[in-house]
Structure formats: structure tokens, C-alpha cells
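K.L.:
Okay, handing you the structure first.
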Amino acid sequence: MANNEESRGLKSLFDWFANRRKSGSTSLERQEREIADGLWHKCSQCGVLTYTKDLRANQMVCVECGHHNRVDSDERIRQLIDPNTWRPIDEHLRATDPLQFRDRKPYSDRLRETEEKLGLADAVKTGLGQINGLPVALGVMDFRFMGGSMGSVVGEKLTRLIEQATQRRYPVIIVCTSGGARMQEGMLSLMQMAKISAALERHRHARLLYIPVLTNPTTGGVTASFAMLGDIILAEPKATIGFAGRRVIEQTLREKLPDDFQTAEDLLKHGFVDDIVPRTQLKKTLAQLIALHQPIPTTPPMVLWETMTLSSTAAE
């Protein structure tokens with residue numbers, strides 16, 4: 001009798017553990033399904049689950065640890081530009097394949113497939129808009145398009161943007177994220193470094209403002225050209241910023257690099273970056289910097305003389 005009761009007790013205990021395991025497995029599967037469906041987002045840094053809607057409301061910055069998740073060009077424009085003021089330019093430009101380049105697949109096929117998948121013509125969007133009522137010329141790179149690589153279209157669109165800003169006397173803001181020059185275009189991609197830099201020099205000569213915003217990652221030929229030519233250089237927290245990759249440098253020098261090497265914080269410490277601005281504060285900071293660099297309105301001499309005369313008469 002005692003043995004029967006003991007066996008029933010063991011059986012019920014085993015059933016309890018089995019049900020517990022099954023319940024936990026079901027809960028985990030449900031959680032994974034909800035993450036896959038985009039309802040929740042798991043932070044890659046701290047592992048905290050956040051409701052995706054709340055994360056987007058916080059501009060894709062983790063509310064727990066402050067990790068800045070990567071955002072696409074459309075989202076970035078929405079975050080920075082005032083509603084109903086964005087006017088895109090040069091959307092018709094498309095890259096060609098003059099070198100007939102081929103790696104695992106032809107470059108022309110890669111371009112077509114990427115555009116069909118993302119709905120992007122290339123790795124940058126450019127246009128005119130307003131930030132807190134102040135007119136700006138804005139370029140936003142998109143890492144999803146071939147790693148944000150700089151090819152002939154990226155160079156041409158940014159050059160045209162800068163030239164139009166110079167003509168209109170607008171400040172230029174370029175949000176950088178890139179793996180560097182696009183290898184599939186060879187020397188043509190490297191030429192864009194000089195072309196964009198020349199346009200920025202003309203913009204500077206006109207005494208106009210240029211602010212690059214360095215986001216994660218900003219590397220290669222982009223870092224070696226227009227990303228570091230700003231009057232004021234801003235960066236997002238913990239962004240990777242550099243020229244050659246960390247592993248390449250370690251293999252060349254045959255030594256271990258510091259953990260904070262090529263981070264925005266390290267560059268700020270060494271004077272390569274002027275300030276690190278959290279994404280949630282970026283629009284406000286840009287508006288303040290642009291407002292400070294607005295030309296001072298001058299009073300025509302005749303109006304000034306009339307004002308002085310009226311003041312003198314009133315005093316008498």
C-alpha cells in the first residue's frame with residue numbers, strides 16, 4: 001500500500017516537472033515568435049526585451065542601457081526633419097557597371113536585387129528640409145545598401161546636394177554610416193572622395209556651415225574624406241569610427257589594441273570629434289548649432305540714421 005502511494009507521488013512529481021518544462025518551452029517559443037514578428041525587440045547589448053513601439057518612440061535607443069540601434073535613412077529623416085518640409089533631390093540617379101565587375105555575382109545583378117529588396121536607389125538619400133524651422137540641406141547614408149558603401153551615385157548625390165546648399169546658402173548636414181569606398185567601382189569610387197571634398201571646400205569658402213554626424217559604423221574612404229571635414233563634427237555614443245578595420249591593424253602591428261579603440265569616445269578624447277550627442281538630443285543640438293551660425297541681419301545705413309534721429313528727437 002505504501003509502495004503504491006509512493007509510486008503515485010513520484011508519478012505526480014514527474015508529471016509536474018514535465019508540465020513545467022512543457023510550459024516553459026511553450027512560453028519560450030511564444031517569446032521567440034513575438035520577437036520574430038517584430039512585436040518585441042531584444043537589445044543586442046543588455047538583452048532586455050522592449051516593446052518595439054516604445055523603442056521606436058525613443059528613436060531606436062534602448063531605454064535600459066542606451067544602446068543606439070541602427071536606423072534606416074527614412075527613419076533618420078523622420079527623426080530630424082520637420083513634418084511636411086522634406087523635399088528629396090536627385091532620386092532618379094542610378095549606378096552603372098562600367099567595369100563589368102563580378103564577385104560571386106555580377107555587380108549589375110547585385111544593384112538590381114538590392115534596390116528591389118530595399119526600395120533604395122543607392123546608399124544615400126539627399127534633400128532639402130527644415131530642422132525646427134531652419135532650412136538645411138541633408139544627406140543620410142543607409143548601411144543596408146551594400147554596407148553604405150560610397151560609389152559614383154553616392155558621390156554625385158552628395159556633391160549636388162552641397163552645391164545646391166552653397167547656392168541657396170544653406171548649412172549642410174551629412175549623417176554618415178559606411179563601410180567605405182565601393183570596391184565594385186574601383187577607381188571611380190575613390191574619385192568621389194576628392195569630388196565631395198572639393199564641393200565642401202567651395203562651401204567653406206562661402207563661409208557656410210557643414211556638420212557631419214558620425215554613426216555606427218563610419219569607416220574607410222568616407223572617414224578619410226567628407227566625414228572628417230566638418231566645421232563641427234558630431235558622433236553618436238559608442239559609434240565605431242576609423243579607417244582600416246580593427247583586425248587588420250592588429251595583424252599589421254602584431255599587438256592587441258585597447259577596447260575603446262576606434263570608438264566615438266576615444267576620438268573625442270583625442271580631439272577628432274567635437275561632441276558626442278545621444279540620438280534623442282540630436283535634432284535639438286543641430287538646431288542650436290545652425291541658429292548660432294545664422295548670418296547676422298544688417299540694418300541699412302539710411303534706416304539706422306533715421307532710427308538715431310528719432311531717438312535723439314524723442315530725448316529732446
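Glycine is treated like the rest: Cβ placed from N, Cα and C.
So TrEMBL lists these for the protein:
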DOMAIN    39-308  domain 'CoA carboxyltransferase N-terminal'
BINDING   CYS43, CYS46, CYS62, CYS65  Zn(2+) binding site
ZN_FING   43-65  zinc finger
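Map the listed features onto the structure and describe their local environment.
P.N.:
Mean model confidence for the domain 'CoA carboxyltransferase N-terminal' (39-308) is a pLDDT of 94.
Listed in sequence order, the residues of the same chain lying 6 or more apart from CYS46 (Zn(2+) binding site) and placing their CB within less than 8 Å of its CB are CYS62, GLU64, CYS65, HIS67. DSSP assigns CYS46 (Zn(2+) binding site) to coil, not to a helix or a strand.
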K.L.:
So what sits near CYS43 (Zn(2+) binding site) in its own chain, CB-to-CB under 8 Å and at least six residues off in sequence?
P.N.:
LEU49, THR50, CYS62, GLU64, CYS65, HIS67, ASN69
K.L.:
Quick one: which residues besides CYS43, CYS46, CYS62, CYS65 have a Cβ within 8 Å of the Zn(2+) site's Cβ centroid, in sequence order?
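P.N.:
Here the nearby residues are SER44, GLN45, GLY47, VAL48, THR50, VAL63, GLU64, GLY66, HIS67.
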K.L.:
Taking CYS62, CYS65 as the binding-site residues to compare, which has the smallest set of other Cβ atoms within 10 Å?
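P.N.:
Result for the binding-site residues CYS62, CYS65: minimum number of other Cβ atoms within 10 Å at CYS65.
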K.L.:
For CYS62 (Zn(2+) binding site), which DSSP three-state class applies?
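P.N.:
Where CYS62 (Zn(2+) binding site) sits, the three-state DSSP reduction gives coil.
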